[in-house]
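Before any comments, here is the structure.
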């Protein structure tokens, strides 16, 4: 089903919903990312073993993954505004509580960080539903591409504010995170409005019928998205060490390239989202992205083996951009295919699958690199977008009205 070309203008309120949705999810990402930037304080100054410090940094993500689907179900039932606000309230409360117990031992701190991560997951599916619901089909790709900037925005804020705040102790970063999240509670409660949707049981959409029973479209998108996570996280986890250890770059030069790739990748997400609006198909563009992923990973492997730095720079930027370009496309496609009464839980499943796949990339790709080296490993990673291309449907899924 191609995207219809009617109703192309987004209402003014839609852009406010997009802005608040991006900020809400960025606030959640800030809490999830904060412990990672506390590792130098915990390990170097407080003597916490690196393994335990890393575990503490990972518990917010664990909490988030455990609750993505549950928040999606609640969003389908109660509405986007209610779930976003409730989740942000709980996230802020967890931040302040973590600050209060920061000197009382790491076990309780870890529990509260896990709770905060679980609460922050509310914005993932709910903010996506807000954007999908308020934007017409011919503007959703662009809007969802912009929305995908929420995660790097949250990480960037954490990277900027947490290290200097950590000089004052563990409590300071958590208090500031709580304050920022609290401000977003007020803004979202004031500004977010649930998008209009048909009454349950009316029109072509039946709230009681699962879209997963109609066909395998959603399952195939979930699988393809999980496969496309592999090159994305392989580059983000091992790109820096590859450039320094294997290519002989300085840490500053490698870090600069990785940083630039993040900005270029953000622009790429917006561009492919807009492209999907223009050509009228999400999965068509998603297939192009998957095909490009195969070619660019193989090309990067060859350039690395040749140790031709100028080509490595270009291909690393292209590969980093292509590897993240699928996220908004798949997310939009899932929401549109699931319809207004199932998109929350479908997006929760989508996010959960991607997080689980991402968690396997580190050990799997690390072992692969140890066995065959970086160039061959990067070339073999190109198999995963090839598999995604084979799995991705050729036509967009039929959807209920959003």
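Each residue, glycine too, has its Cβ placed from N, Cα and C.
Pulled from TrEMBL:
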type	residues	note
TRANSMEM	12-33	transmembrane segment
DOMAIN	14-396	domain 'Major facilitator superfamily (MFS) profile'
TRANSMEM	53-74	transmembrane segment
TRANSMEM	83-101	transmembrane segment
TRANSMEM	107-137	transmembrane segment
TRANSMEM	149-166	transmembrane segment
TRANSMEM	172-192	transmembrane segment
TRANSMEM	223-245	transmembrane segment
TRANSMEM	251-272	transmembrane segment
TRANSMEM	284-306	transmembrane segment
TRANSMEM	364-392	transmembrane segment
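With pairs at least 6 apart in sequence, the transmembrane segment (251-272) and the transmembrane segment (149-166) have 3 or more Cβ pairs within the 8 Å limit; the two touch. Residues 141-142, 145-146, 148-149, 152, 235, 239-240, 243-244, 285, 289, 313, 316-317, 320-329 of the same chain sit 6 or more residues outside the transmembrane segment (251-272) yet have a Cβ under 8 Å from a Cβ within it.
Predicted-model confidence for the domain 'Major facilitator superfamily (MFS) profile' (14-396) is 90, expressed as mean pLDDT.
Tertiary proximity for the transmembrane segment (172-192) is limited to same-chain residues at least six positions away from its ends with a CB under 8 Å from its CB atoms, namely 16-17, 20-21, 23-24, 27-28, 30-31, 34, 37-38, 80-81, 84-85, 88-89, 91-93, 95-96, 98-99, 102, 130, 157, 161-162, 165-166. Against the transmembrane segment (107-137), stretch 53-74 shows more Cβ pairs under 8 Å than any other of 53-74, 83-101, 284-306. For the transmembrane segment (284-306), same-chain residues at least 6 beyond its ends with a Cβ under 8 Å from one of its own Cβ atoms are 141, 224, 228, 231, 242, 246-247, 272, 275-276, 312, 315-316, 318-319, 322-323, 325-326, 329-330, 333, 374-379, 381-386, 388-389, 392, 394, 396.
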